[in-house]
Amino acid sequence: MSRVFNFSAGPATLPEPVLRQAAEEMLDWHGTGMSVMEMSHRGKAFVSIAEQAEADLRELLAVPDNYRVLFLQGGATAQFAAVPLNLVGDAPVVDYVNTGSWSKKAIAEAGKYTRVNVVAEGGKGDPMGIPAQATWQCDPQAAYLHYCANETITGVEFADIPDSGDVPLVSDMSSTFLSRPLDVSRFGVIYAGAQKNFGPAGLTVVIVRDDLLDRASSLTPSIWDYKRQAEADSMLNTPATYSLYIAGLVFQWLKGEGGLEVMAERNHQKASKLYAAIDGSAFYRNPVEPSARSWMNVPFVLADDSLDGQFLSEAESAGLSTLKGHRSVGGMRASIYNAMPEAGVDALIEFMADFEKRHG
Ligand code: PMP
């Protein structure tokens with residue numbers, strides 16, 4: 001067996017000890033004589049797995065007691081609709097920051113249900129950045145303020161949590177969730193698909209402040225109604241059981257590694273090294289302002305894009321997989337989530353220097 005360094009943006013690399021444990025437990029989970037995949041979601045064994053996963057996630061993020069943690073399906077894309085359906089209530093408008101493709105998708109979906117006020121346009125130009133919050137045109141009547149904490153495609157990330165005053169703050173954290181500590185008490189709702197930083201596809205975590213549970217539109221599909229799911233412990237219907245089990249193993253792995261402070265240190269170190277290598281060369285370039293650079297997704301272009309294909313195929317041969325940038329922007333992208341070891345980033349930097357020597 002030989003595993004590669006997998007730089008995929010999602011589904012993405014998972015911690016090897018988690019995969020090994022899942023393999024060991026595949027046929028017989030803890031003496032039950034069955035795989036987690038084969039268990040009733042209402043049985044004692046699976047309920048204990050789900051409860052442990054929630055307890056571990058709460059501990060990792062120090063989630064305050066007045067927040068509910070939901071394990072849902074439908075990906076972050078379902079939340080683009082669920083957020084306005086659950087939160088608009090009687091408000092005439094919602095506020096959204098646009099920092100790139102995922103913000104735009106969230107804005108388009110919200111526009112089906114309510115009036116959307118785009119408070120600022122970022123993630124454009126060269127270098128790309130995030131407009132200063134002092135320039136945002138927020139509407140005091142907005143039901144909430146939504147932003148995408150990390151634009152996975154362009155690698156534009158908020159370094160700090162915006163201040164939304166009394167308006168509930170909502171964030172799509174799909175590609176940065178659990179990459180560093182987070183003050184959950186600053187938010188109304190946080191949501192994230194698992195398949196980037198904490199598990200397989202099929203699972204979406206939603207963390208919602210409990211005073212926001214009573215304003216859903218009657219048209220909200222029951223499975224995306226936060227209150228109904230909170231009341232049913234996220235088991236209004238069959239949850240994504242196996243994905244939740246793997247996410248639970250990832251939460252335990254994170255705790256064992258020392259928690260989110262340690263992850264933040266490692267992620268900062270990995271990203272800084274890679275950006276330094278890119279900035280230190282005239283052959284490679286990252287198009288994001290340093291203050292808005294992502295720790296998780298590092299896009300870069302070659303000065304001569306006719307070499308892109310060769311770069312990707314030589315990288316693949318060197319065991320550096322899935323470095324192609326998103327089809328909408330081209331170039332390269334290295335996604336370096338929690339489970340990417342520093343050795344993977346070192347190998348990439350070394351390969352980049354060698355490629356430049358041969359082609360620069
Ligand atoms: N938001 C962000 C920031 C993403 O990166 C993605 C997935 N690439 C999505 C939303 C959509 O997620 P899903 O495929 O889980 O619906």
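Every residue, even glycine, has its Cβ placed from backbone N, Cα and C.
Unlike curated records, TrEMBL annotations are generated automatically.
Pulled from TrEMBL, these are the features on record:
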- R42: L-glutamate binding site (BINDING)
- A76, T77, W102, T152, D172, Q195, N237, T238: pyridoxal 5'-phosphate binding site (BINDING)
- 4-348: domain 'Aminotransferase class V' (DOMAIN)
- K196: N6-(pyridoxal phosphate)lysine (MOD_RES)
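Feature annotations (TrEMBL) mapped to structure.
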residue : record                              : contacts (Cβ under 8 Å, 6+ apart)
R42     : L-glutamate binding site            : M235
A76     : pyridoxal 5'-phosphate binding site : W102, D172, S174, Y191, A192, G193, T204
T77     : pyridoxal 5'-phosphate binding site : K105, E109
T152    : pyridoxal 5'-phosphate binding site : A9, G10, W102, S174, S175, K196, M296, N297, H326, S335
Q195    : pyridoxal 5'-phosphate binding site : G10, P11, A12, A201, G202, L203
N237    : pyridoxal 5'-phosphate binding site : I223
T238    : pyridoxal 5'-phosphate binding site : H41
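Farthest C-alpha pair in the pyridoxal 5'-phosphate-binding residues A76, T77, W102, T152, D172, Q195, N237, T238: 30 Å apart.
Taken in sequence order, the binding-site residues R42, A76, D172, N237, T238 that lie near ligand 1, meaning a CB under 6 Å from one of its atoms, are A76, D172. Taken residue by residue with DSSP, Q195 (pyridoxal 5'-phosphate binding site) is part of neither helix nor strand, so it is coil.
When Cβ atoms from all protein chains are considered, those within 10 Å of W102 (pyridoxal 5'-phosphate binding site) total 24, not counting its own. Model confidence over the domain 'Aminotransferase class V' (4-348) is summarised by a mean pLDDT of 97. In the three-state DSSP classification, T238 (pyridoxal 5'-phosphate binding site) falls within coil.
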